[in-house]
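Below is one structure; the comments refer to it alone.
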Amino acid sequence: SMASPALLMRVVASAYSVAEKAATIVRNVMATGDLGIVEKTGANDLQTKADRLVQMSICASLSRKFPKVTIIGEEELPTDEVTEELIEDGHCEEILKKTCPAQYTGIKEEELVIWVDPLDGTKEYTEGLLDHVTVLIGIAYGGKAIAGVINQPYYNYEAGADAVLGRTIWGVLGIGAFGFQLTEAPAGKHIIVTTRSHSSTLVNDCISALNPDSVIRVGGAGNKIIQLIEGKASAYVFASPGCKKWDTCAPEAILHAVGGKITDIHGNSFQYNKEVKHMNSAGVLASLRNYDYYASRIPNTVKQSLVP
């Protein structure tokens, strides 16, 4: 008989199905017209019923299957009994058929940390900018992001009534990333993607220093990484604190799986072990190609303002 798939592949295969269930919850909450919005720290830091239900669904579903894995989610939620209709027990067969990279075959449950952003781009969700919204499930081992799932619940939402809504992108270091068409940004163009609702003088000064041909302002870290891997932007630059580990873990794994790079503004890689602080306080710099070009042009004044 075949050996059963390695733990990592089983976790990713389950996370794929869990993310698809999450997308259904996101769409259902939007369809009711009652988002149940609460402000957490202010008007740019919102939580909706979708954030709450999705996080409960993801965390409960994965912890039921993988009880010793550490799961860290964005929302502070009561650990009430989760209703059965929020539990997703399925997995993606296609992922289980892939060979686990040798360096990850011996991983034990207690060595994995899963970082969950139930709804990345909540503000955009409340404003109807639905293509900005993603569900992020990042999987870390030894402090590094090694696998990730990004679901876009509203992918294709402007394509008309018959369009299939939503897609799931997934990746594992050493295997690659799937569910999208990898495309490089136009050669010789410097198209910067950055924050839409968390702008500041520092953010803008940093972008100006890169002398971009154009600047795209969109919500969500997951969405920004998608802009890079689909060739719509050449670099993602955010010279500000505010981004958290659950924002970057899944996107980092997918970007790294296709040869890109993401760091803080100083060029330090992010750490994802369970004891780490949640804030990426020194900002974000990422690109699919030509990372060094952008890194070399970050002004020292910007670096001095952002302490890791």
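Glycine is no exception: its Cβ is also placed from the backbone N, Cα and C atoms.
Residues or ranges marked as Mg(2+) binding site by TrEMBL: GLU74, ASP117, LEU119, ASP120, ASP247. Non-local neighbourhood of ASP120 (Mg(2+) binding site): VAL133, THR134, VAL135, LEU136, GLY220, ALA221, GLY222, ASN223, ASP247, each in the same chain, at least six residues away, with C-beta under 8 Å from its C-beta.
Its Cβ placed at the centre, ASP117 (Mg(2+) binding site) has 31 other Cβ atoms within 10 Å. Cβ neighbours of GLU74 (Mg(2+) binding site) (same chain, under 8 Å, six or more residues apart in sequence): ASP51, GLN55, VAL116, ASP117, PRO118, LYS244, TRP246.
By a simple count of nearby Cβ atoms, those within 10 Å, the most crowded of the binding-site residues LEU119, ASP247 is LEU119.
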